[in-house]
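**Student:** Right, I'll just put the structure down here and ask away after.
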Amino acid sequence: MGDFDLNVDSLIQRLLEMRSCRTGKQVQMTEAEVRGLCLKSREIFLQQPILLELEAPLIICGDIHGQYTDLLRLFEYGGFPPAANYLFLGDYVDRGKQSLETICLLLAYKIKYPENFFLLRGNHECASINRIYGFYDECKRRYNVKLWKTFTDCFNCLPVAAIIDEKIFCCHGGLSPDLQGMEQIRRLMRPTDVPDTGLLCDLLWSDPDKDVQGWGENDRGVSFTFGVDVVSKFLNRHELDLICRAHQVVEDGYEFFARRQLVTLFSAPNYCGEFDNAGGMMTVDDTLMCSFQILKPSEKKAKYLYSGMNSSRPTTPQRSAPMLATNKKK
């Protein structure tokens with residue numbers, strides 16, 4: 001980065017001006033600014049633990065996938081930082097048409113409010129995945145491949161899990177048969193790519209499945225599925241109350257599993273312009289009461305650059321109907 005002085009406030013201001021503009025308008029950011037965001041946020045990620053220990057109150061959000069206008073809607077609903085503390089569960093890039101604006105605003109907020117704004121790694125924060133599903137092409141079209149590699153270096157340093165007040169375990173994908181204790185997560189070294197198997201892979205890729213006991217094969221061709229019994233054993237062993245994860249489209253933006261011992265959050269409404277799903281976020285108050293805020297899909301369906309690739313996307317396992325928004329978990 002040399003002597004480049006990153007003006008985060010100016011960047012945030014430009015990124016937020018999109019609220020009054022037409023959907024999909026690109027934000028003008030110099031290559032030096034974007035590179036500066038990656039390098040500075042990478043430093044902060046490495047200064048903080050790979051397994052975050054956070055305190056409520058905070059708002060948790062699931063997949064965003066480059067749907068920048070919807071990210072702004074989430075902040076309008078929950079409050080723009082620092083009005084609220086946030087934890088995002090990964091998958092910031094790919095599929096939507098504004099991955100750059102999305103990840104740049106999130107990294108800028110991380111730099112501006114490092115102790116109040118937290119980002120976990122999703123399976124799309126990985127070079128082999130976002131090389132294919134849109135982010136590489138967006139970087140190459142608007143900047144260059146070198147900048148995409150700078151993002152890769154940043155993503156390789158993201159934390160992979162969080163525990164809120166010793167009771168709520170958060171990650172992008174789910175549990176792992178290799179996970180016996182939290183110290184195993186703390187021992188994961190960064191920077192690191194996402195391997196094809198093992199603990200880090202599973203935290204970012206696994207899925208719950210009501211039809212499985214124990215561990216099962218995953219239709220994605222990566223990692224595993226896990227049953228209700230696995231969830232219950234994990235929570236009991238670690239004296240936890242809830243697993244909060246993302247990684248799957250759910251119709252109402254959130255969906256419970258295993259007698260409300262696990263919740264899936266998905267925060268990209270009308271995903272890829274093809275699904276008629278809502279986007280959800282979960283507010284955890286200081287007593288650990290959880291409530292859900294829902295973004296309905298917009299009336300106008302934006303055109304998504306990579307929606308055509310959705311046909312090759314692994315299908316989400318069918319699961320039971322979600323609980324009503326009035327339900328709360330203590």
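Cβ atoms are placed via backbone N, Cα and C, with glycine included.
The model shown is predicted, which means the values in this text are computed figures rather than measured ones.
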**Student:** Suppose a student reads Swiss-Prot and sees ASN123, HIS172, HIS247 listed for Mn(2+) 2. Which of ASP91, ASP209, ASP211 should they find annotated at that same site?
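**Tutor:** Record source Swiss-Prot; matching candidate: ASP91.
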**Student:** Which of the listed positions, THR192, THR315, does Swiss-Prot note as phosphothreonine?
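**Tutor:** Annotation hit in Swiss-Prot: THR315.
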**Student:** Which one is it: of the recorded positions ASN123, HIS124, HIS247, whose Cα lies the shortest distance from the Cα of ASP63 (Mn(2+) 1 binding site)?
**Tutor:** HIS247
**Student:** How many Å lie between the Cα of HIS172 (Mn(2+) 2 binding site) and the Cα of ASP91 (Mn(2+) 1 binding site)?
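**Tutor:** Answer for this pair: 8 Å between alpha carbons.
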**Student:** Let's check the environment of HIS124 (active site, proton donor): how many other CB atoms sit within 10 Å of its CB?
**Tutor:** 27
**Student:** Starting from the Cβ centroid of ASP91, ASN123, HIS172, HIS247, which together make up the recorded Mn(2+) 2 site, report each further residue of the same chain whose Cβ lies within 8 Å of that point, ordered by sequence.
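**Tutor:** These residues sit around the Mn(2+) 2 site: ASP63, LEU89, GLY90, GLY122, HIS124, GLY173, LEU204, TRP205, ALA246.
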**Student:** How many Å separate the Cα atoms of HIS65 (Mn(2+) 1 binding site) and HIS247 (Mn(2+) 2 binding site)?
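**Tutor:** One finds 11 Å between the Cα atoms of these residues.
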